[in-house]
Structure formats: structure tokens, C-alpha cells
Amino acid sequence: VPFAGWTLPLHYGQGHLQSHLHTRRHCSLFDVSHMLQTLVYGRDRIRFMESLVVGDIAELKPGQGTLTLLTNEKGGITDDLIVTNTSENHLYVVSNAACADKDLAILRDRAAQLQATGSDVHLEVSDNALLALQGPSMARVLQAGLSDDLAKLSFMNSVATTVFGVPGCRVTRCGYTGEDGVEISVPAGRAVELAEQLLGVPDVWLAGLAARDSLRLEAGLCLYGNDIDETVTPAEAGLMWTLGKRRRAAMDFPGAAVIMAQVKEKPRRRRVGLTSLGHGMGGAAQPPLTSPYPHIPGTVTSGCPSPCLGKNIAMGYVEAAHSRAGTELTVEVRKKQHPAVITKMPFVPTQYYMAK
């Protein structure tokens, strides 16, 4: 299917349901090379990055990464990124494919502004491929091709290494499924070789966009363009945890005044999880949401059947006063009303790995 200018597989031979469940029980390989990978060099690289995002990049230890948000002056989310402070004296930034052109223009424009005032910062766009290996048997599969000890690599940490004989790789313990997993940045010319090595293990199946979407929704993770965009603030999206304490105090990121005012006054709407009490509530769900209580307007932003729960689940926004878990609503899907209940996320417990 077309996706952000790329042609991507929706699913492989096993089909969506089996692929999803296999990822939860074993592990799957996703080709996510459509993501933008950018390297930021120079002694002012942290100051540069913090002028664009809400996260505390300066506090990241060598090899440590964080999910952070690019914001605009109105407090809206321009994109969500993973920024890693590598041990090799540069920042490694992974951005969404749908935002690649927009993000790169913002990064280059800001770098040029700082360079004009004498700052030392420069960007390099990586042409590496990106492979995500996700699921409970990931560590066993990958460890066979690593000299590094995966037991020492915690969630959101990263190491430059050789993987199954392919040098110049970066392994980051993260992913988009809620499972223990890694993303492997690999020189493009050897990506097929590495993928075939991994797929040589019977436990590893290929997985496509359909499983990626249902897995991330069960894990309560946002899809940019659906659940978050430039009209949504971190406070509304339930993403205030991405703002470091120092950054909140300094208020030195784009849209800080708007975002921090919302924190103080409470946002009018909030992102919530929804579980269907009947049928329906798939991706085609549209507003309005209604309620047995006085009318509660809202919007469903993502939805699908949950293979693990056997129920339909969704994510959306409702008025903050009615966002408490357990609140019953009615969701309109194709002009039909379906009962639903606000549910805490993640819908399926996450399995992120923390080294002991």
C-alpha cells in the first residue's frame, strides 16, 4: 500500500491476525527503512536539539535515548522523535516518514540560524536501512549474532556494533509494539543480508503495516497524523512525561507558554483509550462521541479489533471532565451507535526490558 511516498507491505503470507499474535508470542521482523534517520554533530548539538524539542537531551547518558516531541509556537506537536545521545559524540534522531520532509526542513533551517551566529552544529542524513525485531524471543535470536551482551542493554539504550557479521550497525532497544524489541540501523547495501540471517531462525516471521498498527494500538502508542498532530498539544495527548523538569522550568522550547498554561489550567480535552461494549469502532470511526450523560463531544482517532483481547479498541479525545476510566460513551460508526467505555492504556501490558 502507499504510505508517505513509499510502497509498504500491509501483511505477508500468514495474514494480519496470525502475524500480530506471533509477534506477541515469538518475534517478528519489520522493515521500517522509511523512517528518517538524522545524525547531529558539533559541540552545540544538544543546545540545537533542545531549541526544537521538549525533552531534556542534556541529561541523556552516552548511549541513552528518549522519545521527545518537536513542537510549534502554538504548542502543537510537529512530530514525535526518538533522540539518542550516542557514545560516538553525535545525536541520532529517528523521525516519522510522513513528517520527513517537514522535519528535515525545520532541522536544517535551525542549524543554519545557529551556524550564522557561530555555533558548531551540522547535520547528516543517514542512508542506512532500519529493521525492527520485536517480540519476547528477540533477545535469544539477536544475541546469537552479537558480541555485546543484550542483558546489559536496557529499553531506550543504544550501541554501535556488528550484527551477524555486518559492521556499522546501531542496535537500539526500542520499538512500536509494546514488546521487548530492537531497531537495527544497518548499512543499506547489507540490509537484505541481515534480514535473511534473522529470517533464517524459524521463530522470526516478517510482519507488515497491519500488524504494526494493531500492535501499537494495543500498546497505547500514538500514530502521528491520527492521534497527534500540529493541532494537539502534549498536555491534551497525555505526553507531558516527555517534558523534562529542567525544560518545564526554563520554558525554552517552542510553544512553552501555551503548553505550560494548559498544565496549570488543565486542558479542555484529553486522549483516552476506548473499548467497545458491542461491535464496531474500527479505523473508520468518526465523531461525534455521545454519552448517557449530558452530551460529550469527541473524536475517535484510531481503532481496530484487538487480536489479543478479542474486542474492538480505539483511541480518541473527549472533554477532560468526562475522561475518567469507566465512563460509558456511545461511538458513532457509519451512522450507527455503538456502546463503549473509556479504558486505561496500554490495553495490553507492555514488556519493555530494563537491565538489572
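Cβ coordinates are placed from backbone N, Cα and C, and glycine is handled just like the others.
TrEMBL lists GLU183 with the feature substrate binding site. There are 24 other CB atoms within 10 A of the CB of GLU183 (substrate binding site), with all protein chains counted.
The domain 'GCVT N-terminal' annotation in TrEMBL covers 2-244. Summarising model confidence by region, the domain 'GCVT N-terminal' (2-244) averages a pLDDT of 97.
Taken from TrEMBL, the feature domain 'Aminomethyltransferase C-terminal' covers 298-348. The DSSP breakdown of the domain 'Aminomethyltransferase C-terminal' (298-348), given as helix, strand and coil counts, is 3 helix, 32 strand, 16 coil.
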